[in-house]
């Protein structure tokens, strides 16, 4: 029997199981990139507008650290790549990590891989199928983005180069995830390790771009940006992607041969002989399970807030020569600086919503893994179990936005030498908490009422992101924009606070959580 026997069967199974998830990833990421490019065309309709943008954005070290090198930003394609390329590259990297981890280590952790291996299935079939799915998803995103750019009237060569660069980043990090899933027994830990590699690669790229050194060549993000879409395109940096991906996948295969199914190469530390007092309570146990992930989200959102806050004082210059940008940024309230800070806090709140949804959906994961039924055979009731697991996401819905507000406040206060900006930004961040809780309540309602449809909450989340960040640019109708809970939170610090929408959102969150818990109590376990 070959080591790859059964790869095609596992591949079909993975595609069928994850078809909705894959469609959401591809449509969401490609749609966000294309919507941004379309918005750039509207914000900077003339050559003079683009030239003014290039003189400001291309000379800002903070913008270069966040977005990457400013290649041909005096063109629509170059400006679009500068604005969204860096974030899109991080998104496809995370997509690849999650897809590979879900189809490999998560399957081993659940015990399904061991059952399949009892049949006619090669040792490397699962890994190969997972990598093929991830590579296919990246190819599809690259093709849709390239085709969309061409449809928007952008040069074909630059469009193809940008699509290929996004695909290349995703393929490299599929290789990274293939290695990390061999090292640990748990999918969450493997994903966190690969995510840390993404963070390090992004920081290395930023340091290299700002310092104009060769440090960027140590990062896959630097390789992608070195292709220079819309600026005398270069394809040869993609050879580095081929080499790195081949090396990573070879390493993953070698490591997989050296471990047992379900085991990791890095042994787990033995736990203490006696459990800590907090672990003897259901709430303490659930918080312990999610402690690492929530800490990672908190630190990441704080760092993101600090990065955006460090460019807050440049917004007046950036928007001064563009009527389109003034109209767009002005929709977030107040003067350009306050509007930019409001937009930043809104983006961080959306990130916090992603954190709380991930945390809340741990309920569904625990149920599908079969770990709930033994617990419910003890004196732990269904409502008690569910509510104990909701402490973490509801707490994260406050702590993570506050971390983002603290990051923005500290960075902006340092620039302006005004310590009062810190509490100002903290208060502005808190205004989005009811909207974050409302999305969390929807997730709980789906878990309790329609557990097979919990993935729909990610479609709703994606719609909220598009409506909040790009709705005015792509001219969505007002009634569509107002479907998002974030449309009803104040755009602080530039607007005034109205208590009624915040109270209603909080009440909606309470009602949906209560309904979800009640329905979970009455339905059968999966």
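Just so it is clear, glycine is given a Cβ too, placed from its N, Cα and C backbone atoms.
Look at TrEMBL and you will find 22-40 (among others) tagged as transmembrane segment. When Cβ-Cβ distances below 8 Å are used as the criterion, the transmembrane segment (22-40) is approached by residues 15, 76-77, 79-80, 83-84, 88, 91-92, 95, 99, 133, 137, 140-141, 144-145, 148-149, 152, 154, 166, 328, 455, 458-459, 462, 465-466, 470, 473-474 of the same chain, each at least six residues removed from its ends.
Below 8 angstroms of C-beta separation, residues 14, 18, 22, 25, 29, 32-33, 36-37, 66-68, 126-127, 129-131, 133-134, 137-138, 141, 145, 162, 165-167, 169-174, 176-178, 180-181, 187, 190-191, 194-195, 198, 202, 220-221, 224-225, 229 of the same chain, each at least six residues beyond the ends of the transmembrane segment (84-104), sit close to that stretch. The feature transmembrane segment is assigned by TrEMBL to 84-104 (among others).
The annotation transmembrane segment is assigned in TrEMBL to 125-154 (among others). Proximity of distant same-chain residues to the transmembrane segment (125-154), defined by a Cβ-Cβ separation under 8 Å and at least 6 residues beyond the stretch ends, is recorded for 3-7, 9-11, 13-15, 18, 22, 25-26, 29-30, 33-34, 37-38, 41, 76-77, 80, 88, 92, 95-96, 99-100, 102-104, 107, 113, 116, 160, 162-164, 166-167, 170-171, 174-175, 177-178, 181, 230, 249, 252-253, 256.
Residues annotated as transmembrane segment in TrEMBL: 160-183 (among others). Under 8 Å from some Cβ of the transmembrane segment (160-183) lie the Cβ atoms of residues 33, 77, 81, 85, 88-89, 92-97, 99-101, 104-105, 127, 130-131, 134-135, 137-139, 141-147, 149, 190-191, 193-194, 197-198, 220-221, 223-225, 227-230, 233, 235, 238, 241, 244-245, 247-249, 251-252, 255-256, 259, 264-266, all in the same chain and six or more residues away from its ends.
Residues or ranges marked as transmembrane segment by TrEMBL: 190-208 (among others).
Within its own chain, the transmembrane segment (235-255) has Cβ neighbours under 8 Å at 124, 127, 131, 161, 164-165, 168-169, 171-172, 174-176, 178-179, 181-183, 220, 223-224, 226-227, 265, counting only residues six or more beyond its boundaries. Annotated transmembrane segment per TrEMBL: 235-255 (among others), in sequence order.
The feature transmembrane segment is assigned by TrEMBL to 294-312 (among others).
As annotated by TrEMBL, transmembrane segment applies to 339-361 (among others). Within the chain, the transmembrane segment (339-361) has long-range Cβ neighbours (under 8 A, six or more residues past its boundaries) at 290, 293-294, 297, 300-301, 304-305, 308-309, 312, 315, 329-333, 389-390, 392-394, 396-397, 400-401, 404-405, 407-408, 412, 425, 428-429, 432-433, 435-437, 439-440, 443-444, 447, 454, 457-458, 461, 464-465, 468-469, 486, 489, 491-495.
Note on the transmembrane segment (390-413): residues 283, 286-287, 290, 294, 297-299, 301-310, 312-313, 341, 344-345, 348-349, 351-353, 355-357, 359-360, 362-363, 419-430, 432-433, 436-437, 440, 444, 513 of its chain, located 6 or more positions outside it, place their CB under 8 angstroms from a CB of the stretch. The feature transmembrane segment is assigned by TrEMBL to 390-413 (among others).
The list of residues near the transmembrane segment (425-447) in space but at least 6 beyond its ends in sequence, with Cβ under 8 angstroms from a Cβ of it, reads 309, 341-342, 345-346, 348-349, 352-353, 356-357, 360-361, 363-364, 367, 386, 390, 393-394, 397-398, 401-402, 404-406, 408-409, 412, 453-454, 456-457, 460-461, 464, 484-486, 488-490, 492-493, 497, 501-503, 505-506, 508-513, 515-517, 519-520. Summarising the annotation, TrEMBL assigns transmembrane segment to 425-447 (among others).
Sequence annotations record features per position, and here TrEMBL assigns transmembrane segment to 454-476 (among others).
Here the transmembrane segment (496-520) has Cβ contacts under 8 Å with residues 382-383, 386-387, 390, 431, 434-435, 437-438, 440-442, 444-449, 485, 488-490 of the same chain, all six or more residues outside its ends. Taken from TrEMBL, the feature transmembrane segment covers 496-520 (among others).
Beyond the transmembrane segment (190-208), the same-chain residues lying 6 or more positions past its ends with a Cβ under 8 Å from any Cβ of the stretch are 64-66, 68, 86, 90, 93-94, 97-98, 101, 105, 173, 176-177, 180-181, 183-184, 214-222, 225, 292-293, 296, 300.
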